[in-house]
Amino acid sequence: MTLLHSPRIVVALDYADAASALALARQLDPKACRLKVGKELFTCAGPAIVEQLQALGFSLFLDLKFHDIPNTVAQAVRAAAELGVWMVNVHASGGRRMMETTRERVEGLSHRPLLIAVTVLTSMQQDELAELGVQGTLEQHVLRLAALTRSSGFDGVVSSAQEVQPIKQACGAGFLTVTPGIRPASAAADDQARILTPAEAIAIGSDYLVVGRPITRAEDPLAALHAIRQEIGEVV
Ligand SMILES: O=c1ccn([C@@H]2O[C@H](COP(=O)(O)O)[C@@H](O)[C@H]2O)c(=O)[nH]1
């Protein structure tokens with residue numbers, strides 16, 4: 001079965017050093033997954049790790065969730081684009097001007113990464129959002145931020161797979177959904193709150209599934225990746 005965005009699994013390399021991240025990456029296959037570099041690894045290993053992982057043939061999601069004034073975020077995203085990453089993200093709560101300035105700043109570059117904005121972190125639940133003073137339901141807030149992201153000219157959002165259906169309804173089928181909080185049925189939730197299994201996430205329309213610990217902490221990471229790919233019908 002060929003899927004439009006294959007490979008759809010994005011493995012989160014949450015490590016404290018380059019050697020561990022590279023050792024795990026070398027066990028995987030760029031045709032079977034993409035990789036994600038987040039705040040821990042980037043802070044420890046810097047832009048060099050991005051270049052090293054790309055040199056292994058992987059397409060890379062730089063998950064630094066920028067959130068700052070428009071010029072600062074736009075320049076940071078431009079620097080990410082110049083590293084050649086496939087996808088980069090900001091926090092949608094940084095607002096329209098931040099996202100529009102960012103989009104304008106990367107337009108016309110020879111390599112323009114997919115621009116994605118985080119709605120509500122998958123670790124969060126309704127009561128935590130209320131504590132921040134957010135009115136209404138968590139889903140309403142996700143949809144508000146997704147609509148803002150779309151009208152600011154971004155390509156998609158990070159959300160839980162639980163919110164993918166209403167996001168696609170409100171923003172269109174082509175608006176990308178990148179979904180962490182993916183847990184095979186037998187896996188621990190860890191600090192994630194809004195989770196779905198890989199099969200549920202794909203059935204509901206999620207475009208990319210971000211999976212970290214269920215793969216990186218498995219005894220055999222390649223086998224864990226393969227099992228998830230089988231579960232979503234990416235390989236038979
Ligand atoms: O809402 C969000 C945004 C980003 N993440 C990141 O995804 C991975 C998930 O790792 P697991 O080990 O599968 O929980 C991690 O790097 C987070 O920083 C997220 O979980 N939720």
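Just so it is clear, glycine is given a Cβ too, placed from its N, Cα and C backbone atoms.
As annotated by TrEMBL, active site, for OMPdecase activity applies to ASP63 (among others). Reduced to three states, the DSSP call for ASP63 (active site, for OMPdecase activity) is strand. A C-beta separation below 8 Å, combined with a sequence spacing of at least six in one chain, links ASP63 (active site, for OMPdecase activity) to ALA12, LYS36, VAL37, GLY38, LYS39, ASN89.
Residues or ranges marked as active site, proton donor by TrEMBL: LYS65. All protein chains included, LYS65 (active site, proton donor) registers 17 other Cβ atoms within 10 Å of its own Cβ.
Positions annotated as active site, for OMPdecase activity by TrEMBL: LYS65 (among others).
A simple way to gauge crowding: the CB of ASP68 (active site, for OMPdecase activity) has 14 other CB atoms within 10 angstroms, across all the protein chains here. Positions annotated as active site, for OMPdecase activity by TrEMBL: ASP68 (among others).
Sequence annotations record features per position, and here TrEMBL assigns substrate binding site to ASP14, LYS36, 63-72, THR122, ARG183, GLN192, 212-213. Residue density at PRO70 (substrate binding site): 18 other Cβ atoms are found within 10 A of its Cβ, drawing on all protein chains shown.
Summarising the annotation, TrEMBL assigns domain 'Orotidine 5'-phosphate decarboxylase' to 8-228.
Note on HIS67 (substrate binding site): other Cβ atoms within 10 Å of its Cβ, all shown chains, come to 17. For ligand 1, the neighbouring recorded positions among LYS65, THR122, GLY212 are THR122, GLY212, by Cβ distance under 6 Å.
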